[in-house]
């Protein structure tokens with residue numbers, strides 16, 4: 001229904017706060033320890049939520065949340081129903097003590113290959129069945145790989161010389177992990193080869209804040225404290241191009257579900273939507289202040305912190321320093337909905353839609369309602385085609401010009 005309302009120009013409901021989780025009593029660490037929630041993540045199947053709650057702790061929480069956190073009338077879709085999970089034994093919340101401040105989180109399925117027996121000789125702690133894993137990027141440059149169901153530490157990856165700021169697994173489940181660090185490099189790890197480091201990507205001149213792998217696993221985008229972002233090939237691990245257009249540091253990036261679009265968010269208060277294949281700038285979304293600033297500070301209170309695509313690819317969510325979560329429709333230049341939030345740092349959509357999770361400087365995580373939409377047949381066709389056709393391949397098709405413009409997202 002909400003998709004129909006949008007076509008008729010009627011407003012979308014404001015996001016509602018479904019639940020807010022707060023850390024328990026802070027641990028007594030030294031002054032260097034941080035209480036911020038720099039990263040939150042849902043597992044690809046939607047059955048787990050990872051919360052970096054500060055003080056070196058990550059909480060692994062089964063999804064949907066327990067009933068006391070969710071208002072009546074709201075049901076979060078997950079892989080299995082509550083009755084099914086009760087029959088199998090409900091998963092338990094896990095606490096991972098990483099020993100260092102946690103900056104990045106990433107989930108991946110861990111398949112059970114035929115060579116499992118050979119692997120087990122070298123890593124007897126690794127389970128002999130398929131499982132779900134979580135990678136955590138730490139303050140000392142280490143990356144720890146955990147088994148979600150048991151909370152056991154599987155691997156420790158060393159190589160970075162500074163904070164591991166972000167992590168991204170290939171969506172195909174091939175166990176290739178990309179890490180972004182303050183040491184100004186990205187590193188590629190192959191967990192199928194005992195966590196071997198297979199490539200170091202250099203070229204950034206500032207801390208690397210964010211890395212994102214396209215859903216078709218062909219491209220990698222990295223954002224550092226620079227005005228440009230880098231696009232890399234995930235096949236050759238070479239630089240494809242630099243995308244230039246922002247006026248300040250780029251801090252977040254994300255690909256659309258069909259890999260046809262890339263969005264980047266910057267301290268310059270803008271989100272830019274790009275065609276990653278051609279490097280063309282398709283649209284800019286400007287974060288204007290709703291209220292006048294409280295003081296004469298020179299800092300942009302609308303500086304962006306995070307941007308992400310919704311799972312069907314029709315919406316964006318952004319978190320900015322002006323204490324607002326914004327929801328954007330792909331076709332519009334102004335937000336369709338706002339929600340007040342303080343000190344937001346990160347955001348991500350639930351993989352089945354309907355929920356946005358946000359993390360804050362206070363170590364809190366908040367869950368908000370997100371627009372539920374029934375995608376049009378046109379968009380479903382575009383999404384299916386663009387999942388395996390590049391922009392150049394679409395432009396070469398013997399079809400009308402208007403159809404090409406629609407398929408390449410040039411009908412804004």
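Backbone N, Cα and C define each Cβ position, glycine as well.
Unlike curated records, TrEMBL annotations are generated automatically.
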Check each of the ranges 16-35, 36-55, 56-75, 76-95 against TrEMBL and return the one annotated as region 'Disordered'.
76-95
Sequence-remote contacts (6 or more beyond its ends) of the domain 'SOCS box' (376-412), Cβ cut-off under 8 Å?
3, 215-216, 257-261, 273, 275, 277-278, 282-283, 312-314, 330-331
Taking helix as H, G and I and strand as E and B in DSSP, count the residues of the repeat 'WD' (157-192) in helix, strand and coil.
2 helix, 18 strand, 16 coil
